[in-house]
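Residues or ranges marked as disulfide bond by Swiss-Prot: 97-189. Among the features that Swiss-Prot reports, N-linked glycosylation site is placed at 5, 20, 265. As annotated by Swiss-Prot, topological domain 'Extracellular' applies to 1-25, 76-99, 155-196, 259-271. Feature annotation from Swiss-Prot assigns topological domain 'Cytoplasmic' to 47-54, 121-133, 218-237, 293-310; the stated evidence is sequence analysis. The transmembrane segment annotation in Swiss-Prot covers 26-46, 55-75, 100-120, 134-154, 197-217, 238-258, 272-292.
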């Protein structure tokens, strides 16, 4: 019997976002700018948090890891997409395609867990401030961050295992700008009735668990804020949560639509647009969201600029 993971297709061709040459040039300039802002913004967040003692707190530790994950997430996809905009045929071996998807899923899943951890951090800070140093000790923070990366690797392993047992013996053109699971699955000549469901269950479980943690955390946060007598205290508590809630809404909204909703509910073009949003745009927006609305980050940035340009 032929091995189940035997493939006759040796490489995949990524069709990208568009075949229009003029539009490709425009998109190249736009996405090059977005990628540059992503790298500069997230590296700035990381260096700022590491260099400023006032930002050496659990919240900013998690934010620095979120910035690192955003860099990895965007870098796993954007450079290859930019190559396609230059008019080159983007060809990836099956192994390279699987590797790209594996890396992207790892970072994407870690981001889910980090957003949940950050919600728990805000819950402890606002609802149990006297116990904050105990509940968010360096050891616990290390465990939470480590568990986020382990969870990302486990989910990525589930998706990757499903890809590796597929056979590809027909068309090799992926109608996408990266090796996304649904797009690759369409090219398989294997029975995908079960394989197509397993990753959705894995991704759906992670989304449900992390959203539950976030929802419960913010329910208690809201109750605590409403019971505050001080208007200033309420405003300060709300201001520390709005940035995180914005990031959560943007990220979870898109990944739920792509990986959990039935595929018949949207077209390939809509899938591409949503994928651009969560793989390219959101990693650029996160440092802006967290810095523009955060007084501590803005103050640390001001001091850093003064040190560099006295």
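Backbone N, Cα and C atoms are what each Cβ position is placed from, and that goes for glycine too.
Features as recorded by Swiss-Prot, highlighted on the structure.
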residue: 20; record: N-linked glycosylation site; CB count, 10 Å: 10
residue: 97; record: disulfide bond; CB count, 10 Å: 22
residue: 189; record: disulfide bond; CB count, 10 Å: 14
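Note on the topological domain 'Extracellular' (155-196): residues 4-9, 11-17, 76-77, 80-81, 84, 92, 94, 97-98, 100-106, 109, 202-203, 206, 258-259, 263, 268, 271-272, 275-276, 279 of its chain, located 6 or more positions outside it, place their CB under 8 angstroms from a CB of the stretch. Taken residue by residue with DSSP, residue 97 (disulfide bond) is part of a helix.
Only sequence-distant pairs (6 or more apart) were considered; of these, fewer than three Cβ pairs between the transmembrane segment (100-120) and the transmembrane segment (26-46) are under 8 A, so the stretches are not in contact. In this structure, the C-alpha atom of residue 20 (N-linked glycosylation site) lies 24 angstrom from that of residue 97 (disulfide bond). Long-range Cβ contacts of the transmembrane segment (55-75) within its own chain (Cβ-Cβ under 8 Å, at least 6 residues beyond either end) map to 35, 38-39, 41-43, 45-46, 48-49, 103-104, 107-108, 110-111, 114-115, 117-118, 121-122, 125, 136, 141, 144-145, 148, 240, 279-280, 282-284, 286-287, 290, 296-297, 300. With a cut-off of 8 Å between Cβ atoms, the residues of this chain six or more beyond the topological domain 'Cytoplasmic' (293-310) that come close are 44-45, 48-49, 51-52, 54-55, 60, 239-240, 242-243. Counting residue by residue with DSSP, the topological domain 'Cytoplasmic' (293-310) contains 14 helix, 0 strand, 4 coil.
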